[in-house]
Amino acid sequence: MDNRFITIEGLDGAGKTTITHRVSKYLNQYGVTDILTTHEPGGTPVSDFLRVLIKYGGPMNEPINSISELLMIYAARLQLIENVIKPALSKGYWVIGDRFDLSSQAYQGGGRGIDILLLHALSNKITNTLSPDLTFYLDISPELSISRINHRQKLDRIEQEPLSFFDRVRSCYKKLASERKNIITIDATQSLEEVSMSIYRHLDWWFLRPQE
């Protein structure tokens with residue numbers, strides 16, 4: 001079976017990491033054994049170093065400008081693309097990504113309000129035509145997101161943003177999903193089993209049993 005690139009998107013607490021692993025196990029049942037899962041930001045030594053800066057800031061609590069944040073995210077993404085994702089796809093692997101470029105459009109574009117032209121220029125340069133075959137957007141409200149992540153020992157810089165920030169992020173996600181046929185919106189307020197089954201049905205239709 002040819003390689004595929006599938007990404008999972010949404011607010012923190014939506015269940016992205018769990019669903020990423022469930023999708024991998026489901027594909028295994030259909031004979032797809034060459035699977036690589038990734039997460040952003042991170043996934044290479046350089047990307048993981050940048051992840052710490054992005055999520056927790058630099059030494060001495062130096063403030064991080066929103067453009068600096070954006071550039072670090074794209075630097076981490078470029079390392080992941082060139083050193084992990086592209087090599088895996090070239091070998092015929094299916095890559096399942098916990099976040100990709102859509103996160104930047106939603107968080108830095110929608111949440112931070114960064115100019116869309118700058119975002120598009122960076123996206124085009126860094127991803128260089130690499131685009132997911134299919135994206136699942138796990139939709140939950142900011143209120144539910146916050147309630148789900150509050151148990152974490154330490155919230156990162158972005159997780160500590162006010163509710164209005166996540167309202168903008170969610171609105172941007174929903175707008176982008178409405179404009180692109182390969183972004184499937186999933187109601188992630190459902191139980192984990194219901195969310196999983198909904199995603200499995202879409203995987204069947206798109207890739208596994210398209211003839212039925």
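Backbone N, Cα and C define each Cβ position, glycine as well.
Pulled from Swiss-Prot, these are the features on record:
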type: BINDING; residues: Gly10, Leu11, Asp12, Gly13, Ala14, Gly15, Lys16, Thr17; note: ATP binding site
Cβ neighbour count within 10 Å of Ala14 (ATP binding site): 24
Other CB atoms, at most 10 A from the CB of Gly10 (ATP binding site): 26
Listed in sequence order, residues with CB under 8 A of Thr17 (ATP binding site) and six or more positions away: His39, Asp98
Check: same-chain CB within 8 A of ATP site center, minus Gly10, Leu11, Asp12, Gly13, Ala14, Gly15, Lys16, Thr17: Leu138, Ile140, Ser145, Arg148, Ala188
Secondary-structure category, per DSSP, in which Gly10 (ATP binding site) falls: strand
Residues satisfying Cβ distance under 8 Å from Lys16 (ATP binding site), sequence separation of at least 6: Ile8, Glu9, Gly10, Asp98, Arg99, Leu138
Collapsed DSSP category at Gly15 (ATP binding site): coil
Neighbourhood of Gly13 (ATP binding site), C-beta criterion under 8 angstroms, separation at least six: Ile140, Leu144, Ser145, Ile146, Ser147, Arg148, Ile149
Cβ neighbours of Leu11 (ATP binding site) where a neighbour is any other Cβ within 10 Å: 25
